[in-house]
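As given in Swiss-Prot:
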type: TRANSMEM; residues: 3-23; note: transmembrane segment
type: TRANSMEM; residues: 38-58; note: transmembrane segment
type: TRANSMEM; residues: 80-100; note: transmembrane segment
type: TRANSMEM; residues: 113-133; note: transmembrane segment
type: TRANSMEM; residues: 137-157; note: transmembrane segment
type: TRANSMEM; residues: 170-192; note: transmembrane segment
type: TRANSMEM; residues: 213-233; note: transmembrane segment
Amino acid sequence: MTTSYLTFLAVAVGPPLVALGVVRAARWDGDRARAAGVGILLALALSYTTPWDNYLIATGVWWYGEGTVVGRLWQMPIEEYLFVITQTLLTGLWVQALPLRPTAGFSPTRRDAVLGALAGVLVGCGGAVLLTVDATFYIGAIIAWAAPVLALQWAVGWRYLWRRRRVFAAAVLVPTLFLSAADRYAIADGIWILAGQYTTGITVLGLPIEEGAFFFVTNVFVSQGLILYAWVLARWR
């Protein structure tokens, strides 16, 4: 019997989310502005992901197993909205548990901003090319969708992110590996099914590369956002 989407979230995402919440509460330093960073990113994640997710579901890039969801809001199951929320919280709390140590004195140049934005544009161009072929449509949709956010974040502080690359790597890789493993189970169990028409068929340890790319990109969004947010706060103070 296929696991329900809600049960999957409760079992796979719930325990680490609660554990990170307990750690965050134990380390609470009263800095409301810093804590607000996760809330800001949560609102942005929902508003940016919802139309994209709905479009891909409507296109038939993936669908859900029979009886695995409790209801839908537009094309997306209610649980999908919960997944966006819980992933953002999970990664956000993880990032804030790391030693960010923002460097207030670091200042980017206009040239840095231009280079960062151009890099994001190049990513978008690559995604647009992949969108033209059915087999790479899903991976192209992920890359093209990621490009505007990456362009903005890199324009703001790609050089600062490079200086904090070790923390950034830990911030991204740990939740990406965890969520990819959980996603691998969900696909194997039939909670959601990817369309062969829109995917490459390439897998790593049974996980479609498109799904790994999605979790990598979204965790990059959250990690870069919070690292840059902490840096901007330090500069303002």
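One is the number of the first residue shown, and numbering goes on along the chain from there.
Yeah, the Cβs are placed from backbone N, Cα and C, and that goes for glycine too.
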The transmembrane segment (80-100) touching the transmembrane segment (3-23) per 3+ Cβ pairs under 8 Å rule: yes
Surrounding residues of the transmembrane segment (170-192) on its own chain - C-beta under 8 Å, 6+ positions past either end: 2-5, 8, 12-13, 16, 62-65, 68, 87, 90-91, 94-95, 98, 205-208, 211-212, 215-216, 219-220, 223, 226-227
The transmembrane segment (38-58) versus listed stretches 80-100, 137-157, 213-233: most Cβ pairs under 8 Å: 80-100
